[in-house]
Amino acid sequence: MNAGALITDESVALLEAIDLRKSFGPTPALDGAGLRMHAGEVVAVMGPSGSGKSTLLHCLAGILQPDSGQVLYRGAELSAMSDGVRSELRRTEFGFVFQFGQLVPELTSLENVALPLRLGGMRRKEAESRATEWLERLEVADVAAKRPGETSGGQGQRVAVARALVTGPKVVFADEPTGALDSLNGERVMQLLVAAAKDTNAAVVLVTHEPRVAAYSDREVVVRDGKSREVELAR
Amino acid sequence: MHTFFSWQRDLALGVRLAAGGGRRGWIRLGLTALGIGFAVGVLLIGASVPTIVAGQSARGMAQSASTVVLPGVDPLYFRNSALDDYRGVRLTGYWVSPSGPSSPKPPGVDKLPGAGEAVVSPALADLLASEAGAALRPRFPNGVIGVIADNGLKGPAEYRFYVGTPDHGTIDQGWNPVYSFGDIDAVHEVVPAVWLLAVVGLVALLFPVLVFVSTSTRLAGAARDRRLAALRLVGGSARQVRRIATGEALLGTVVGLFVGAVLFLLGRGFVEQIDLFGVSAFAADVLPVPALVGVIVVAVPALAVVSSLIAMRRTAVEPLGVVRLGRPARRRLWWRLVPVVIGLALLLSQGGASGAMRTDVLVAGVCTFLLGVPLLLPWLLERTVVHLVGGATSWQLAIRRMQLDSGTPARVVGGIAVVLAGGIALQSVIAGVGASVGAPMERAGLTGRSNVQLADVSVEDLEVWASRLRGLPAVRGVLPQTTLQVSDPGSGESTQLTIASCESLLARLPLGHCSDGDAFLVGSGWSPRPGQQVVVRSYSQSRSTAPWMLPISTASAVQIGSGTAAPQTPLFGVLATPGAFRGMTVPQGDMSIQVQLRDSDPASADQVANAVTALGWRAQVDDGGATTVSDQVRQFRTVRNAVLLGSGITLLLAGASLLVLAVEQVRERRRQLAVLAASGVPVRTLARSILWQNLVPVLIATAVAVLTGLVLGAFLLGVISRPVVFDWAGVVLLTSSAAALVLGVTAATLPTLRRASRPVELRAE
């Protein structure tokens, strides 16, 4: 199976997790968690520290394999895919933004954004041209030649968002994307992330414990003790 | 083609990552390249050993004189010079006397020296020109007329000379007619024990170098893991990440190969200044064997890549491998013992009762066995530190750190452990082989006496020279004597006859009373009876004989009693005063003058040697300073000393490697260290913690190394059927050197630690 053999029917959920269970040694992280989301949706996964929300995100993204349960992406089960196919999915269909950006410190901002395209085989010139467009869109074109260590936290996160979106992903996984930023920078990063995702009709899984950040989502799921629960929003 | 381009792209990205990262990236790359460079430099020296040995052998062969008659060639009369030692410097010299214009010239000599003239090696020329050689200059009274070219020397530190003489003696007097130089039959056989020592020495010293290569590629492993995990998160496949990691490892290794080549070339320039216990090599001979260079160029990067890929296997499989560090799986012992068992089996298959010894199997056995050492260490360290608890803060920090990651420190000390194990095994082989080769005779040291052997001089001349020597300020007394042989004409039994004055005899033996005409019998074994008719003959000119009747008054004497000075050569047989031969012609004997000096100062001995220079080859002076060791013992000593020196160098290399890795570990953990320092943990506590982190693995490594080294040494001695003898002093020396090395490395790490624990390191952006 490859990433191209996925169901494109709009009625089918883009990403669905069913009864996920995952333990790290004797410690259970997920205990029957579930989630369902459609294209273009922004879903906030909330919960206290250690509740299992990051583990849920990693299972949804195919980074971690659940001990039991299913993760379906456009109808196809992730655990049935080979590592190569899951890598291809992460490169072409998914994008990632983490608390500390998870940028490669040796590469410049431009090279970091172009990295997923280069890994997919795109030529350097074309990859960097598209990366430049995204850096401009995220308002960080001025740090294109700088390495992550030479930029501010807010700039680094915006570069990370650009890298997450440069491949035109269907789902963006954001794990505490503003956790290391001040409120002003955090607000700006969220505005840009959500706006760009809406523009490209990408779904966003937003793991956060901050209500201010969760307010950018369409709906919220709370994870507590490894179990998930949908929250009615009064917006 | 697509695959090719994927490879190319991923490798290029790896190279980009290795070279990127600004100053820190360059420092990391530099340290890796330096670590590998040192290793490659040593490997290149090892690869040059066959060329050096071949060069020495060819030069030795070229120097060998052949007495095979060649028609039309005027022989060059050739004789060893007795001048073989000057103040501890080993000299090799020859008297030469051409018999015609076509006499052969020794290699490297353009013009044969005339009477009293000398042609000397550059090292000897320098010595003669220096203040230190002042007392040696009079031995070459007509000066130095030429310098021996490189092709006539084994090495640049060889002190060689040829001195001309207008006449020559007989074959009995040590003279040989030489028709050519370059005797191909003059190859010296290397004894198996020496060969084993050389082979094992080379393997034991070069093998740790490969361990350093693999540890060098693991520099900044945590940062590399984080970087590669990030690549996995953005969609890099496991295969791609492996290729990228390969590219990263390759850059450091390729730069390391260049650094190693440069270090080798720089070192090669200094090689002519190295005098390794009398053995030196020309830079031209220090050329790595091309095939071995090929092996190094391929094997070092391959090893670097493989060890780098093994190190990142968790990250490659699991993108979050470094994000969530769970308790690592317990290490297994069984597969780590496999190389040890295979190595011992290979060694057991060699030598012993069957006597068969295949070098390749032996090398494989030693390598495989030694491979077990770095493999066993991580398991042993893990099992040890898991039981260590409590203690001071520094101890706790160190132990907890090792409990979390025992692999890195174990790998760091793996190189030292292999050096120690190899070194201890070699010490054992040296002790065992040394015990059976024969204790190498050390330089006897000056004894306050000189013995002047005179050839082809009359009895009158003997007295003249004895008188001259007696007049020297440094001389307390002289004892001239002539040595011949007496034999029973019937049975043919014989013993020594010494003719000397009463004064000489009384000075050496408690004879009681002596007057000219007396004779004495000394010692056990056959001796003629008083009044018996015997034949007197010269030792060196056996055809010259004379009948003689032992005086009736001949008395017996004690061999060595409380004489005023014990002689250098004991007197035995028949002792007679010149008066005992009145009325007969005594055959020419071997004449010598025992000279008693006022002190054991080398200058006094030189005074005697210089005083008889006018006698040329006819006078040989032995001041007790020259060594008289066999070729076998000399070979053994050279290899032993080279191996010990090599152990020292490799240990230093291990120290340099440990330092590089320790510094890098501190740099990698600078944020955590800064946090600790900011939280009030004193820097000295952090320093102690680093000391424990270095010391605990080294102690365990030392224990493993001592055990494996002794086992390996015992097996190797079994291979050559030698008694198992351990050199405990050597073991203590090596292990304490390792401990000193750790202390030194920890001290050298402190400046980096101080910098790493500054509050500025807390900065995240």
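Every residue gets a Cβ built from N, Cα and C, even glycine.
Note: TrEMBL annotation is automatic and uncurated.
If you check TrEMBL, you get these features:
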- B:26-49: transmembrane segment (TRANSMEM)
- B:193-214: transmembrane segment (TRANSMEM)
- B:202-315: domain 'ABC3 transporter permease C-terminal' (DOMAIN)
- B:249-271: transmembrane segment (TRANSMEM)
- B:291-312: transmembrane segment (TRANSMEM)
- B:333-349: transmembrane segment (TRANSMEM)
- B:361-381: transmembrane segment (TRANSMEM)
- B:410-433: transmembrane segment (TRANSMEM)
- B:642-663: transmembrane segment (TRANSMEM)
- B:647-758: domain 'ABC3 transporter permease C-terminal' (DOMAIN)
- B:694-716: transmembrane segment (TRANSMEM)
- B:728-753: transmembrane segment (TRANSMEM)
For the domain 'ABC3 transporter permease C-terminal' (B:647-758), residues assigned helix / strand / coil by DSSP: 97 helix, 0 strand, 15 coil
Per-state residue totals over the domain 'ABC3 transporter permease C-terminal' (B:202-315) - DSSP helix, strand, coil: 92 helix, 2 strand, 20 coil
Listed stretch, out of B:361-381, B:642-663, B:694-716, B:728-753, that has the most CB pairs under 8 angstroms to the transmembrane segment (B:26-49): B:642-663
Whole-number mean of pLDDT values that fall within the domain 'ABC3 transporter permease C-terminal' (B:647-758): 81
Proximity verdict for the transmembrane segment (B:333-349) and the transmembrane segment (B:291-312), three or more C-beta pairs under 8 Å: no
Of B:291-312, B:361-381, B:694-716, whichever stretch has the most CB pairs under 8 A to the transmembrane segment (B:410-433): B:694-716
Sequence-remote partners of the transmembrane segment (B:728-753) [C-beta within less than 8 Å, at least six residues beyond its ends]: 416, 420, 423-424, 427, 430-431, 647-648, 651-652, 654-655, 658-659, 662-663, 666-667, 673, 683, 686-687, 690-691, 694-695, 698, 701-702, 705-706, 709-710
